[in-house]
Amino acid sequence: MTNIILLGPPGAGKGTQAKRLVEERGMVQLSTGDMLREARSSGTEMGQRVAAVMDRGELVTDEIVIGLIREKLTSGAAHGGYIFDGFPRTLAQADALGALLSELGQSLDHVIEMRVDDEVLVARITGRSTCGNCGEVYHDVTRPVPADGKCVNCGSTEIKRRADDNEDALRTRLLAYYKQTSPLIGYYHAKGQLESVNGLAAIEAVAAEISGLLGSQTQDA
Ligand code: AMP
C-alpha cells in the first residue's frame, strides 16, 4: 500500500494524474475539492457554508477539510493506497495528515510536486470542463468535448464548468496557493520526502515520470 500526495497549484494536473493512478494501480483518490463540491451539490449544511468561500477561490477552514479526510481514512482501508489530491493545502493540514496516518499505522510514501508556469495555468483553467457524472476532464483546446456533447468515458451529457474556473477566482486561488500551500514544498523537502515532476509535459509523459517515482507496485502490493 502506497500513500502519496500530489502537490501543485490549481491547473497543475493533479486531478488528471490522480484519475490515471486510480485506473492503473487501483489507488483511491481523495480530493477535498471534489468532496466539498459534493457537499455543495447535495445541499448539506456544511456545503452551504463553504459555497461562497469556494466561489471566491479562498481556502475553507482547516477544521472542515481535516474532518473530511479523517472521515474517509477511518471508514475503510484502500489496499492500493491513497492519493491525496488538493490536500494538504496548509501546514496545519500537513501536520494533521501526518498525525492521522501514524494513528492508523500508515505511512506517507511520496510527496510529488507538479511544477508548472503560471501562464499555462490560466490557459488550462479557463478552458477546463469536467463530466459531472464520472469526473473526466476536458479542455476547449487540447481535449474538446465530443460534438455530440457526450462524455467519452461514461456517455453522460452533464459536462460542466466549475464556478471557480474563471480569471478572478483563479487569481485568488493562485495567491492562496503561493501564500498558504507552497510552504509545504519546503516542509516536505526538509523531511526528505519531496520529489518533483515536470507538470508542463504531455499527460502521458507526466504519468510516466510519476510511475517512475512510484516504482512497479501492482494493485496487490
Ligand atoms: P480544488 O478542486 O482542489 O481546486 O478545490 C476547489 C476549492 O475547494 C478550493 O479553491 C478551496 O476553496 C476548497 N478546498 C479544496 N481543498 C481544500 C483544502 N485542502 N483546504 C482548504 N480549502 C480547500
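Cβ from N, Cα, C; glycine included.
Unlike curated entries, TrEMBL annotations are predicted automatically.
Now, the feature entries from TrEMBL:
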- GLY11, ALA12, GLY13, LYS14, GLY15, THR16, ARG128, VAL137, TYR138, ALA201: ATP binding site (BINDING)
- 31-60: region 'NMP' (REGION)
- THR32, ARG37, GLU58, LEU59, VAL60, GLY86, PHE87, PRO88, ARG89, GLN93, ARG162, ARG173: AMP binding site (BINDING)
- 128-164: domain 'Adenylate kinase active site lid' (DOMAIN)
- CYS131, CYS134, CYS151, CYS154: Zn(2+) binding site (BINDING)
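Features recorded in TrEMBL, as mapped to the structure shown.
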{"residue": "GLY11", "record": "ATP binding site", "DSSP (3 states)": "coil"}
{"residue": "THR32", "record": "AMP binding site", "DSSP (3 states)": "helix"}
{"residue": "GLU58", "record": "AMP binding site", "DSSP (3 states)": "coil"}
{"residue": "ARG89", "record": "AMP binding site", "DSSP (3 states)": "coil"}
{"residue": "ARG128", "record": "ATP binding site", "DSSP (3 states)": "strand"}
{"residue": "TYR138", "record": "ATP binding site", "DSSP (3 states)": "strand"}
{"residue": "CYS151", "record": "Zn(2+) binding site", "DSSP (3 states)": "coil"}
{"residue": "ARG162", "record": "AMP binding site", "DSSP (3 states)": "coil"}
When distances run from the Cα of CYS134 (Zn(2+) binding site) to each of the binding-site residues GLY15, GLU58, PHE87, ARG89, the nearest one: GLY15
Binding-site residues near ligand 1 among VAL60, PHE87, ARG89, CYS134, ARG162 (Cβ under 6 Å): VAL60, PHE87, ARG89
Of the binding-site residues listed as GLY15, THR32, GLU58, the one whose CA lies nearest the CA of CYS131 (Zn(2+) binding site): GLY15
Residue among binding-site residues ARG89, ARG162 with least C-beta crowding, 10 angstrom cut-off: ARG162
Least surrounded among the binding-site residues, given as CYS131, CYS151, CYS154, when other CB atoms within 10 Å are counted: CYS154
Rounded to the nearest Å - Cα separation of GLY15 (ATP binding site) and THR32 (AMP binding site): 11
From GLY11, ARG128, TYR138, CYS151, CYS154, the binding-site residues whose CA lies within 10 Å of that of ARG162 (AMP binding site): ARG128
Spatial neighbour of PHE87 (AMP binding site) that is closest, considering only the binding-site residues GLY11, ARG128, CYS154 and their CA atoms: GLY11
Mean predicted confidence [pLDDT] for the domain 'Adenylate kinase active site lid' (128-164): 93
